[in-house]
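Please read the structure below before turning to the comments.
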Amino acid sequence: MVAETIDGKAFAARLRERVGEAAARFEEKAGRKAGLAVVLVGEDPASQVYVRSKGKATLAASMNSFEHRLEADTSQDDLLALVERLNADDAVDGILVQLPLPAHIDAQAVIAAIDPDKDVDGFHVTNAGRLAVGQAGFVPCTPMGCMMLLTDRLGDLSGLDAVVIGRSNIVGKPMAQLLLDANATVTIAHSRTRDLAAVVRRADIVVAAVGRAEMVKAEWLKPGATVIDVGINRLPPADGEEKGRLVGDVDYGPASQVASAITPVPGGVGPMTIAVLLRNTLVAAHRNAGLTAPEGI
Ligand SMILES: NC(=O)C1=CN([C@@H]2O[C@H](COP(=O)(O)OP(=O)(O)OC[C@H]3O[C@@H](n4cnc5c(N)ncnc54)[C@H](OP(=O)(O)O)[C@@H]3O)[C@@H](O)[C@H]2O)C=CC1
Ligand SMILES: Nc1nc(=O)c2c([nH]1)NC[C@@H]1CN(c3ccc(C(=O)N[C@@H](CCC(=O)O)C(=O)O)cc3)C=[N+]21
């Protein structure tokens, strides 16, 4: 079998288009643009790339982008003070503090300071709790993007066996919760899982969110499985290359001979993350303006 490529890049472009149209209608109704504030502390090159692409996508979707770049040695108190200012700023509907933060800053304390109704990343405990008990709130962008790709491809997920590899608060755990809400039978695997190959082999749906290049092998997969590769790993540069290639957590070439559908890296989950971030920001803007968020975005 040769797997179909799940084109996250194209799906995300369509979602950004719809969000942009809805954002233009929001502006007419509310008399202002929706706004996303992105805070970057330090100069991690990968983070700079993400922040730049978020900013461009935000402007292209007819929303305001407020970028705050702080020195790597910014104190936690100064960062908390900025978050408070953004919480109080009516032009700011969504706040994203780019992770990871420098080691001297307690990321949990910073996330806790964000107004949960501006927490478009869905990382605040209030939003994690809302997701856990089935209340409306902000859902983390990456897992939400994965769910959109899965339901677009498979429709109803009821009764399907799903394995999520990874249990981080930002990807693995919320991913498992969303799959459970969609009535899949969910297994969460992690670094202590015994015989990961056998666990993965049972799954109709595999979501890999580990951060280890090409770790998931074709032989682990059930033939016909749907594979969502969240991992973003940069390989060391090969001879003559300046930068190494980006690869996922799945050994894509061989896996695509066994799966029925698979997301590529790049061009799979990554672009969905940004599109869902814009969607969440527009939903936040409607709530903040006392308007009903449109259906279907
Ligand atoms: N496409 C996108 O938009 C995004 C991509 N990412 C990428 O996704 C990947 C995961 O990110 P994140 O969740 O933040 O990472 P974390 O490092 O927070 O979590 C990694 C998880 O993988 C598990 N793990 C580590 N080694 C193994 C192993 N050998 N076997 C099984 N499980 C293992 C860990 O287990 P344990 O808990 O036991 O330590 C942990 O739960 C990264 O590559 C990241 O760059 C992340 C966010 C967004
Ligand atoms: N507060 C916070 N929220 C996040 O959502 C967040 C974060 N911090 N820290 C880092 C991770 C990672 N992340 C990605 C977003 C887009 C791509 C993306 O668009 N990737 C492109 C490739 C980009 C490239 O070429 O480098 C792709 O996969 O096609 C990847 C990764 C968001 N994260």
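A Cβ is built for glycine as well, from the same backbone N, Cα and C atoms used for every other residue.
Residues or ranges marked as domain 'Tetrahydrofolate dehydrogenase/cyclohydrolase catalytic' in TrEMBL: 6-121. Secondary structure of the domain 'Tetrahydrofolate dehydrogenase/cyclohydrolase catalytic' (6-121), assigned with DSSP and counted as helix (H, G, I), strand (E, B) and coil, comes to 62 helix, 18 strand, 36 coil.
According to TrEMBL, the domain 'Tetrahydrofolate dehydrogenase/cyclohydrolase NAD(P)-binding' annotation covers 140-288.
The NADP(+) binding site annotation in TrEMBL covers Gly166, Arg167, Ser168, Ile232. When secondary structure is read from DSSP and collapsed to three states, Ile232 (NADP(+) binding site) falls in the coil class.
Among the binding-site residues Gly166, Arg167, Ile232, the ones whose Cβ sits under 6 Å from an atom of ligand 2 are, in sequence order, Ile232.
Residues Gly166, Arg167, Ser168, Ile232 are listed as the NADP(+) binders, and the farthest two of them sit 16 Å apart at their Cα atoms. Gly166 (NADP(+) binding site) is surrounded by 23 other CB atoms, counting those within 10 A of its CB over all protein chains shown. Residues belonging to the domain 'Tetrahydrofolate dehydrogenase/cyclohydrolase catalytic' (6-121) score a mean pLDDT of 97 in the model. Secondary structure by DSSP for the domain 'Tetrahydrofolate dehydrogenase/cyclohydrolase NAD(P)-binding' (140-288): 57 helix, 26 strand, 66 coil.
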